[in-house]
Amino acid sequence: MNMGSVAGAVLKMLLLLSTQNWNRVEAGNSYDCDEPLVSALPQASFSSSSELSSSHGPGFARLNRRDGAGGWSPLVSNKYQWLQIDLGERMEVTSVATQGGYGSSNWVTSYLLMFSDSGRNWKQYRQEDSIWGFSGNANADSVVYYRLQPSIKARFLRFIPLEWNPKGRIGMRIEVFGCAYRSVVIDLDGKSSLLYRFDQNSLSPIRDIISLKFKTMESDGILLHRAGPAGDHITLELRRGKLFLLINSGDARLTSSSTLINLTLGSLLDDQHWHSVLIQRLGKQVNFTVDEHRRHFHAQGEFNYLDLDYEISFGGISAPAKSVSLPYKHFHGCLENLFYNGVDVIGLVKEHSPQIITMGNASFSCSQPQSMPLTFLSPRSYLVLPASTKEEAISASFQFRTWNKAGLLLFSELQLVSGSLLLLLSDGKLKLTLYQPGKSPSDITAGAGLGDGQWHSVSLSAKRNHLSVVVDGHISPASPWLGPEQVNSGGVFYFGGCPDKGFGSKCKSPLGGFQGCMRLISINNKMVDLIAVQQGALGNFSDLQIDSCGISDRCLPNSCEHGGECSQSWSTFHCNCTNTGYTGATCHSSVYEQSCEAYKHQGNASGFYYIDSDGSGPLQPFLLYCNMTETAWTVMQHNGSDLMRVRNTHSENAHTGVFEYTASMEQLQAAINRAEHCQQELVYYCKKSRLVNQQDGSPRSWWVGRTNETQTYWGGSLPVHQKCTCGLEGNCIDAQYHCNCDADLNEWTNDTGFLSYKEHLPVTKIVITDTGRPHSEAAYKLGPLLCRGDRPFWNAASFNTEASYLHFPTFHGELSADVSFFFKTTALSGVFLENLGITDFIRIELRSPTTVTFSFDVGNGPFELSVHSPTHFNDNQWHHVRVERNMKEASLRVDELPPKIQAAPTDGHVLLQLNSQLFVGGTATRQRGFLGCIRSLQLNGMALDLEERATVTPGVQPGCRGHCGSYGKLCRHGGKCREKPSGFFCDCSSSAYAGPFCSKEISAYFGSGSSVIYNFQENYSLSKNSSFHAASFHGDMKLSREMIKFSFRTTRAPSLLLHMSSFYKEYLSIIIAKNGSLQIRYKLNKYHEPDVISFDLKSMADGQLHHIKINREEGMVFVEIDENTRRQTYLSSGTEFSAVKSLVLGRMLEYSDVDQETALAAAHGFTGCLSAVQFSHIAPLKAALQPGPPAPVTVTGHVTESSCVAPSGTDATSRERTHSFADHSGTMDDREPLTHAIKSDSAVIGGLIAVVIFILLCVSAIAVRIYQQKRLYKRNEAKRSENVDSAEAVLKSELHIQNAVGENQKEYFF
């Protein structure tokens, strides 16, 4: 086992234990923190926005009490009412309970819970970090409890009713539960700091645990800093409301990614509320926690030790000379419960410990914020404030923060100077527009990126002849001229939005209302009293939350998966999935398939593809090659594909070859796990180089796989045998050994084969130690990792009864979930899948023959999405279903039908909480079960093994046949779909095409004088298994119909394309006449002249590719040329062929019984390219060129497999001759076709003779060279040549590695 991994595991365990212990310390008695806190409070601790009567006052709002009218009720029931509790001091609140008014119809059905330390600047408690409201009561007497996770630490609580019984009014009785909370605080004013010096023996240099809570008045500041003499440091800094943890080992000016930790957590931390921080460092492991968000970091390189001074500063950098020279700002705010490695730092300050130095002013009570924020909750929110009309100028200022890039900030009408002022947020910029009658609007634009969630200050003023706006202290560059008139306000300022037009307002908001927070609102240099606004004594408002800023960061945590970029507005977030390889609202779903098998069954050809083996899982997609044969092979390459020769090694000076793959080991493992079979060829040559030490059995050479374990079995063997191929087969050179190399011969031998034990693949390393003796040498070459099949893709189960189902563990897809599968059925309906929780659930079902439905509930009430099809789903064909649910939306996709999408409710429940087993093919009630097949069921990218579970489940069978019904359409050009136990294949035996889908065109270049002859009488005798002479069955070989298809390209005329003959001098010839026209000549009666079908529209010998299709049904012939010329003709010479003899492509050797035009074309033959020749069920060209069962075909002359496709503008014949495929076969006929040859053939024959002589000379030269090299090797065997090429030539000549000639191979020397 790797010692580094052991150490890492130990460090993680220690870090986990320290986390648990510290959490217990920090929580105090949280496990016993459920005491009622309200029942014993005095009446003065209760307050409210209003009360219906003195007997409905807030003091009567205690749970289960009947005092007064039996609870609190406000004067008016609206959403601006509240009930407030003062707990007397900060307490930890762990749960709340509500009840309606006793004996009444008054109860609250939903409410908000707010909390505060001072009774000002309230913060809303949110469930699941996004739920705004709590569900309340359904009657007056029942009690509804809510456990608060996390708990609240606060003095004041405020209940704000949102909805209530529509037949009654607001009525509440409440109780809160919790316990006392230990709070030790210190307030730093932005100029002060603490310096803590400690005993060097009390600390470990590799371990730090720091915990604290803070509440800040500013968005920037140093919370803690510890540095060392060499530049090592730990710094926790607040920047723009986010916390940055910086840990550096070494000179900060020479930082590198291996030594610098820069972790960022939190957002909007400058909200003047408490936030908790926990930092844990143990060696290279770092945990950083802010509130409920945690990040873990594992440092690389030498990071275990930090050289730090024995002092740490809080609130600033107390010794700047020792720190990094970076600009910094002191912390302004309050620290609470500050512990450094278990030491109460604030307690030491209170005790005036000499270990603590306080610089500046510090106090032990927290100063409270003076500003009062307000929240514009919706686009309909607005605040209307009065302004004096007697002022000679207009001025207004405020601060705002928002995520929106557009919205109305301020509107005001002008007096005297008619017109209006409009202050907008537009595209993140501030735009001030002055409207005056008869004039074009005047604009001032200021600021940029103002929708970033930060506080921004705005000040505008309008005087007699000047208009200006200041944003964050920057004055606008230009101001429009107002004129000499005095400027007065119209008496009203509209902030954030406009009332409805029915109120008579002239306010306008072209970009919609503002959603965000404002504070420090000032009009004409007078601060607005928002308490008076809240009490209704000043101005007017709608849909505001006063004394609270309700902004939240919807991108924390980032719900965009797989590296998607998160952006947000006030009410939602958006994910940019560009260049991630994923799609969907949260970048959850991969755009790539999970295997080559999946690509193949979409009809794709061989090529490079991205695959994503775990689908929506964490692994990224990677590029590989898919070789689409009858089976889809996945080819994964590495960097060591060259032959490597090794010399001069021994046990202390071993050669180690390391292989790096184009994918990570995790990605490779996922691909291997999906595959049915994987293999990797390891070619190993040896000469006096042993694999095993025969004395003690220890290995002399070995390889390592992804398990990082030493493997001593070799290609063709398995781990249980620890042998080579020859050892398994019993044919090793020396029978006493299990490998050829162990014979230790002074000549080259090999132990080569395929490694196929999936759990050990791929090979990552090979080690060789036994090439140190004289004449000792080894060579190896590792092939790519090859995998075939996709087990989950075909993993299926057949459900035979409605009461049967498969059950699996609970599906965990709390925030993001996807389910995909194939189904086929003839049933009318049935449930595919169901998983239940207490109230939450998911269900996917066939609702009707044309409807698939996805139902779910995550706490916001049940939703249904249905996809309707114009055709039936119960057609016994495979249909693909994909369901996804995330924080943004839910979607249902079936086949290629339009998807159904349901947006998630804003600020609704987001956690899918399930606890039952997952039922597949049925339900827990055993009703509405599915009848049919389910295949390739995957949940969040993880496949469920349906077949394994089906083998032990009554009413369910593993597997499902009948794939051709759905995938048979992939078999093209007459290929037949054939079933396999897992999948299907295309039988191309009767097609002129080849390949996995019968789509690979079989083409050939015909040289001058060449031909392919298919003999029907031999085929007949083979098929009938008869030995009679052909004449005995001439009468049986009759054709009343045939179908002929082929393509050709040539520049020669005349030419013979195809000729079919019979023993009775009947024939069909397809020729290009001397004038370039295409002629089809049928002679079905030897006593009649042939019927000629001629196409002389243009020359067909034009070097272009032409397609011919001929169908004959007795005397009727239909001809199609190039898919645009069609003709139908009736023959006069007969209706059938009698005693069919042969079919010829190219030149005919005998043509005495044909007409003159055919004879002329036959003498010239065909020079060019023929492709995809099909004669009924016979493919003569394919039979000649492709390996397969014996066929009655004869090839003469130069016929080579080629391609008929050529770039436009090139000479067709010359293009064809550039192909260098070896001549292919059938039965080669070496007879010289000279009987009726024309004079031009002599040149061809001469050329062929010259080529043969040249080949013989080359073979002789090679033989002489090999003989010379053998002699040279024997003379210099004791001396190792330094020349790589000559050394490899020796190895190749001895091993006859002809296929390796010309490869860029390597040689390794020690």
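Using N, Cα and C of the backbone, Cβ positions are placed for all residues, glycine too.
The disulfide bond recorded by Swiss-Prot for Cys1169 joins it to Cys1204 [selected from Cys1204, Cys1258]. Mapped onto DSSP classes, the domain 'F5/8 type C' (33-179) shows 9 helix, 69 strand, 69 coil. For the pair Cys577 (disulfide bond) and Cys977 (disulfide bond), the C-alpha distance works out to 39 angstrom. Between the CA atoms of Cys960 (disulfide bond) and Cys566 (disulfide bond) there is a gap of 43 Å, rounded to the nearest whole number. Note on proximity: of the disulfide-bonded residues Cys179, Cys560, Cys1169, the one nearest Cys971 (disulfide bond) is Cys1169, by Cα distance. Here the disulfide-bonded residues are Cys366, Cys517, Cys587, and the one ringed by the most other CB atoms within 10 angstroms is Cys587. Each of the disulfide-bonded residues Cys33, Cys575, Cys971, Cys1169 was scored by how many other Cβ atoms lie within 10 Å of its Cβ, and the smallest score goes to Cys33. In this structure the alpha carbons, written CA, of Cys555 (disulfide bond) and Cys986 (disulfide bond) are 50 Å apart.
On a Cα basis, Cys366 (disulfide bond) lies 25 Å away from Cys33 (disulfide bond). For Cys998 (disulfide bond), applying a Cβ distance below 8 Å and a minimum sequence separation of six or more within one chain yields Cys971, Arg972, His973, Gly974, Gly975, Cys986, Cys988, Ser991. Under the DSSP three-state reduction, Cys960 (disulfide bond) is assigned to coil, being neither helix nor strand.
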